[in-house]
Amino acid sequence: MSTVFIDRKDIEIRVDGNSISFYAKGKKDGSLPLSPLKRVVIVGNVKIETSVLYKLVNHGITVLFLTGKLKYSGILNGPLHNNGLLRVKQYQKSLSGFSLKFAKELIKRKIVSQRDFLSEIREIKKALAMQADRAIEILNKAISNIEVTPISIDSLRGIEGAASSIYFITYSKIFPNSLKFVRRIKRPPKDPVNAMLSLCYTLLHYEIVREIQLIGLDPTIGFYHQFEYGRESLACDLVELFRVNVDRFVYELFKAKHLGNRDFMKDEESGGVYLKKTGRKKFYPLYEQWVQQQRTIWRGEVQGFARRILEEKDIISG
């Protein structure tokens, strides 16, 4: 297991040699060796010794903090990779024509992946064939516009937004009406599907942040997503390539009945819908099983991007 989710209010985490140990009411309640760990996700209010954080960082383990409602709270990584030249070149290219060229490729690939998933949906739900065909036609036009029309990053954002709206209209139709998912709503999510999309996009984002930092890039310097204080803009860029993978995973969670309405709760104050503790226990192992197949793809994409920044054939090392 390369990722561990810690989601117990009564737990205390301590260092025990080259392991982390869990204590409940002063008594040891299990331990994990550090050697296989790459990520620790801490949910809610967990008591953790500073020495544990030191140990995790020194072993190159990323610590992601989420609130009890599974919203992002913070991330702890080790120091940046020593290859400062890569980050210098990244910054230089962010100010050049490379930004627009990369952004066009990025959004074209995203829309192609949306179109291809709509083709799958067409086969999954025969009743949606006509609607899917219309959506596919619109997405094909968007792809053509990116390829042949002189375009700016601002106009590219308009194309991307319109394509995503069309895509989600059809995507929403493959879920049962009982889930009340009709469109993408982010803050707060208003139904179980939106809740899972938001959670999985968040986890994906910080998986990509980790890969970016491991290779030596600066996650805050993006190309399609321009620099914004406090935002990992490069991660926002690269996440676009994999959103459809998340959409497919979320669909499978509900299709296979791993999750249902019973696993979610509504916050009366905000109106948001969130995964309950029982649902989280089901989700964590399913996510880890799915993500094992995805990480090699994500890592390859980040490595390929680093090669483009360096304009070298071989990946950096050391």
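Cβ from N, Cα, C; glycine included.
Summarising the annotation, Swiss-Prot assigns Mn(2+) binding site to GLU160, HIS225, GLU240 and lists sequence analysis as the type of evidence. Neighbour list (HIS225 (Mn(2+) binding site), Cβ cut-off 8 Å, at least 6 residues apart, same chain): ARG231, SER233, LEU234, CYS236, ASP237.
Summary of the Mn(2+) site environment: with the site residues GLU160, HIS225, GLU240 set aside, the chain residues having Cβ atoms within 8 Å of the Cβ mean position are ALA103, LEU106, ILE107, LYS110, ARG157, TYR224, CYS236, ASP237. In the three-state DSSP assignment, the secondary structure recorded for HIS225 (Mn(2+) binding site) is coil.
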